[in-house]
Amino acid sequence: MAGIMNKLKKLDAYPKINEDFYSRTISGGIITLISSVVMFLLFFSELQLYLHALTETTLVVDTSRGETLRIKFDISFPALACSILSVDAMDISGEQHLDVKHDIIKRRLDTHGNVIESRPDGIGSPKIEKPLQRHGGRLEHNETYCGSCYGAEAAADDCCNSCEDVREAYRKKGWGLSNPDLIDQCKREGFLQRIKDEEGEGCNIYGSLEVNRVAGNFHFAPGKSFQQSNVHVHDLLAFQKDSFNLTHKINRLAFGDYFPGVVNPLDSVQWTQEQPSGMCQYFIKVVPTVYTDVSGHTIQSNQFSVTEHFKGAEIGQLQSLPAVFFFYDLSPIKVTFTEQHISFLHFLTNVCAIVGGFFTVSGILDSFIYHGQKAIKKKMEIGKFS
């Protein structure tokens with residue numbers, strides 16, 4: 001047993017020196033103090049890295065197909081009334097969503113940007129007791145109402161029972177509604193009166209659009225949209241205005257769900273129109289993004305970059321549609337963010353490297369200072385005796 005102990009003693013790589021042979025110095029104490037503080041700071045920094053997840057970023061080719069893209073928006077137009085503002089979306093595949101109303105909410109704003117309570121239907125409308133029937137007479141007692149479409153009927157038995165029905169029928173025909181007061185339904189509902197009552201108001205419009213995952217655009221514009229000779233146009237005749245103020249503030253615009261660290265460059269962006277009329281255009285490059293947290297939960301979303309351009313037009317010559325356009329295209333590269341923790345062995349290795357490295361460097365520095373002081377002192381002693 002004693003032999004085994006002696007052999008183990010010979011393997012000791014850290015031979016001990018009797019304390020009587022130690023020589024302690026002030027410089028050594030200062031170096032020890034500074035080294036201890038720096039080691040503690042580095043250890044604390046390494047501990048923080050270990051306790052918090054790190055995000056690893058990789059780039060891959062986007063191979064997804066047949067998916068949809070959800071666009072979330074919240075935009076305020078201080079100079080456009082809600083009654084004239086509409087939303088359209090279309091893409092390069094030819095699919096169109098005109099005058100979208102599903103999942104979209106409009107709130108009227110006063111001149112100070114405060115929300116106005118919604119007005120009940122019928123206020124401001126002229127009182128006409130009996131609606132005009134399609135055959136030309138007034139609605140009689142116990143008679144089913146069927147309003148005229150004023151030549152825009154797709155079939156002989158079609159009925160347009162509201163101003164919106166007439167406008168929709170005109171839209172499908174590619175016609176513009178030049179004078180709504182000549183339309184019985186619009187006159188009864190006070191279409192023009194409602195527009196006049198909302199003169200000077202603004203509109204906050206928010207909601208979401210579900211579109212194909214291909215390049216396309218969505219836009220906010222006055223008037224009802226329709227196709228005429230394969231050209232997308234808006235019916236602006238009913239509003240009897242030569243120019244529209246497109247000043248707006250984008251409170252929020254996102255292409256997908258929120259994930260930690262996402263930055264949407266158009267959030268809180270305000271744009272002021274300086275020319276009488278024109279088209280405001282945003283060109284957006286959408287980058288597909290996948291975010292996976294430490295628990296393995298995955299968020300499929302998107303990031304985007306943007307540039308903007310304004311195309312002006314002369315008053316009375318609206319060569320371009322007065323609208324705010326968002327043109328988007330998708331990047332073929334997908335970004336993946338993956339949260340992960342540093343392993344304990346990696347943390348332990350780094351801590352050992354910090355402690356051992358500083359002890360070694362501190363020892364070298366202390367030895368250099370100690371032997372330097374000793375050499376200087378020896379030369380000074382030799383100088384005294386010579």
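Just so it is clear, glycine is given a Cβ too, placed from its N, Cα and C backbone atoms.
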21-44, 69-92 - the one TrEMBL records as transmembrane segment: 21-44
Predicted model, mean pLDDT over the domain 'Endoplasmic reticulum vesicle transporter C-terminal' (149-366): 82
